[in-house]
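Database features, via Swiss-Prot:
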ACT_SITE  126  active site
ACT_SITE  135  active site
BINDING   28, 37, 61, 83, 112  S-adenosyl-L-methionine binding site
DOMAIN    15-321  domain 'SAM-dependent MTase PRMT-type'
């Protein structure tokens, strides 16, 4: 297996921390064990066989190299697998184990420092993080597109959509109710702990959990879309959209769930969705909790807007600004973060 030479480059402390995370096998185990994710990429590549036959592919953030292997199986003649972490050494072994050394070249480099000797016909990348934008890998894909992708070349996936919906969270409800139940268990009244528990649970940190379809309180709204063929670096640094919901019925509103879908190009296009209405993925859903739960009724209107942007402290981390109004009431604002 040939390892392409790379020029020296500087990495930020945040980049080093990010790439080090991907040297841990558990990260790759979780991703590859996610059959919804992995099969979507495999199927999308195979369905683009006619477009990839004899072509050159760039795999951005190749990890273990599985997408590079899929690309060759789909007919690619040459694949450049760019991986900045030490996992690149294992990607070489994966490629060799599948007898693809003559077609897949692994480059241990960030994509911004990679030296790729030719233009490519397609780019494949699994760049999505929690709430789509956590870890901020999409700018690297755009960089690769602008530098190496031939005019009219393929990007897999080619578009992304973000969704939001109001939700009830039974786990949060149960945890808050627990403190009112302690007296019945031990004869000690600890209901005063409930407000403290609420401030700890419903804080400014985004949570990643599964949401049951029955806990979604209104039809979801798509609040942002990206066309990866044309979107700019500036556009992906500040994703913004508005929402308006009409609640299905009487319930406690604990917050909002955010999820995404990505779609691959082709006549028989493949969509990978992280919706609570679909099969479970390792991304689950991202939850934005209010400061306290609010009672809503049938047809209660909820309006507002949401903005996703990189953290000022660490651009790999995510910041979400939420503005909302419930039942025509006071407009409230809450800022969330993901990452320390």
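Heads up, the Cβ atoms here are built off N, Cα and C, so glycines get one too.
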- prompt: Listed S-adenosyl-L-methionine-binding residues 28, 37, 61, 83, 112 - what's their greatest C-alpha to C-alpha distance in Å?
  reply: 26
Spatial neighbour of residue 126 (active site) that is closest, considering only the recorded positions 28, 37, 112, 135 and their CA atoms: 37
Task: Among the recorded positions 83, 112, 126, 135, point out the residue whose Cβ has the most other Cβ atoms within 10 Å, with all shown protein chains included in the count.
output: 83
- prompt: Which whole-number mean pLDDT does the model give the domain 'SAM-dependent MTase PRMT-type' (15-321)?
  reply: 95
- prompt: Taking every protein chain shown into account, which of the binding-site residues 28, 37 has the largest tally of Cβ atoms within 10 Å of its Cβ?
  reply: 37
- request: Run through the Cβ atoms and count how many others sit within 10 Å of the one on residue 61 (S-adenosyl-L-methionine binding site).
  value: 24
Message: According to DSSP, collapsed to three classes, what secondary structure does residue 112 (S-adenosyl-L-methionine binding site) have?
response: helix
Message: For the C-alpha pair, I'd like the distance in angstrom between residue 112 (S-adenosyl-L-methionine binding site) and residue 135 (active site), rounded off.
response: 16
Task: For residue 83 (S-adenosyl-L-methionine binding site) and residue 135 (active site), determine the Cα separation and express it in whole Å.
output: 15
Task: May I ask for the distance between residue 135 (active site) and residue 37 (S-adenosyl-L-methionine binding site), taken between their Cα atoms and rounded to an integer number of Å?
output: 18
Field: Three-state secondary structure, which DSSP defines for residue 28 (S-adenosyl-L-methionine binding site)
entry: helix
